[in-house]
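Visitor: Got a structure for you, questions after.
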Amino acid sequence: MTQWYPASPALWQGRDDSIEAPDARRLFQTVTRSETFSPENWQQKIALMGFACDEGVKRNAGRPGAAGGPDALRKALANMASHQGHERLVDLGNWVAPTPDLEGAQQALRNAVSRCLRAGMRTLVLGGGHETAFGHGAGVLDAFAQESVGIINLDAHLDLRQTDRATSGTPFRQLAQLCDAQSRAFHYACFGVSRAANTQALWREAQWRNVTVVEDLDCHDALAQMTQFIDKVDKIYLTIDLDVLPVWEMPAVSAPAALGVPLIQVLRLIEPVCRSGKLQAADLVEFNPRFDEDGAAARVAARLGWQIAHWWR
């Protein structure tokens with residue numbers, strides 16, 4: 001059974017420079033850590049939550065270990081300088097799935113996300129495998145049932161697989177099916193897709209679903225496509241699979257990318273999303289601390305989370 005736990009205060013530690021000036025602060029000094037899951041108390045804040053689950057990665061024959069991602073990313077975030085926007089972060093703990101019940105874990109996350117959004121918060125979720133996206137995305141769809149929701153995925157993989165049960169490779173097919181069941185349009189864009197890592201069947205599925213697809217080779221010149229997608233929806237859910245980055249920047253994932261999209265290009269792509277006023281939910285997924293020997297990959301991932309919170313309007 002999926003359970004909720006508050007984040008350990010030991011994760012939020014860092015260098016104290018406050019003697020220099022009142023605003024010489026780091027995230028560990030400005031993040032609010034909640035001992036209860038109580039989003040109703042934190043309107044207009046950003047709910048930082050962990051989804052400590054990699055059952056979907058295991059089912060997808062990937063490298064397990066992403067369940068340790070949320071706490072590793074908290075540690076990496078803790079010592080980063082606190083700037084505008086970061087004071088809005090409220091750590092609402094981890095959803096932990098100690099059993100293979102992926103479906104139950106996704107439902108728990110879905111309910112939590114919907115509750116946060118309906119309470120007037122926005123959500124920043126640290127995965128976990130990309131199975132995080134179904135629970136997170138479904139919660140967004142639930143919270144904004146009368147509005148068009150755009151799903152923007154930065155990922156080497158389309159994650160539209162067809163299997164007999166949910167995995168880390170199926171979340172966007174699941175979200176498409178959920179939209180079908182709710183008689184609403186499925187607005188999905190995937191940037192950074194590796195043609196070498198997706199079969200023709202997956203490309204055909206993306207075409208049939210009218211997915212906006214931008215390959216890794218073309219992301220250097222994709223801002224117009226991003227802006228066009230932003231303009232056509234009311235609300236946005238942004239999900240970043242860290243395997244969109246090149247292996248030399250992000251080795252600590254289930255399926256490292258031989259080519260990938262460099263971090264600077266990813267940041268340029270997500271900036272207009274964050275500043276659009278439409279972003280309601282974001283996540284970083286697939287970080288696997290077992291393959292991060294010196295913590296450098298955690299800092300790369302944390303920089304993305306740091307930047308999202310800073311730019312979020």
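Using N, Cα and C of the backbone, Cβ positions are placed for all residues, glycine too.
Keep in mind the model is a prediction, meaning the values are calculated, not measured.
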Visitor: From His130, His136, His220, grab the residue that Swiss-Prot records in the same Mn(2+) 1 site as Asp155, Asp159, Asp241.
Guide: His130
Visitor: Nearest to Asp243 (Mn(2+) 2 binding site) by Cα, among His130, Asp155, Asp159 (binding-site residues)?
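Guide: For Asp243 (Mn(2+) 2 binding site), the closest Cα among His130, Asp155, Asp159 is found at Asp155.
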Visitor: Including all protein chains shown, what's the count of other C-beta atoms within 10 A of the C-beta of His130 (Mn(2+) 1 binding site)?
Guide: 33
Visitor: Taking the recorded Mn(2+) 2 site as Asp155, His157, Asp241, Asp243, identify the other residues of that chain whose CB atom sits within 8 Å of the mean position of the site's CB atoms, giving them in sequence order.
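Guide: Apart from the listed residues, the neighbours are His130, Asn153, Leu154, Ala156, Asp159, Gly192, Leu242, Val244, Ala255, Ala257, Glu286.
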Visitor: So if I measure Cβ to Cβ from His157 (Mn(2+) 2 binding site) and keep only same-chain residues at least 6 apart in sequence, which ones fall under 8 Å?
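Guide: Within the chain, His157 (Mn(2+) 2 binding site) has Cβ neighbours under 8 Å at His130, Gly169, Val193, Ser194, Ala197, Asn198, Asp241, Asp243, Ala255.
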Visitor: In the same chain, which residues outside the set His130, Asp155, Asp159, Asp241 have their CB within 8 A of the centroid of the CB atoms that define the Mn(2+) 1 site?
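Guide: For the Mn(2+) 1 site, the extra neighbours are Ala133, Asn153, Ala156, His157, Ser168, Gly169, Pro171, Phe172, Thr239, Asp243, Val244, Val285, Glu286.
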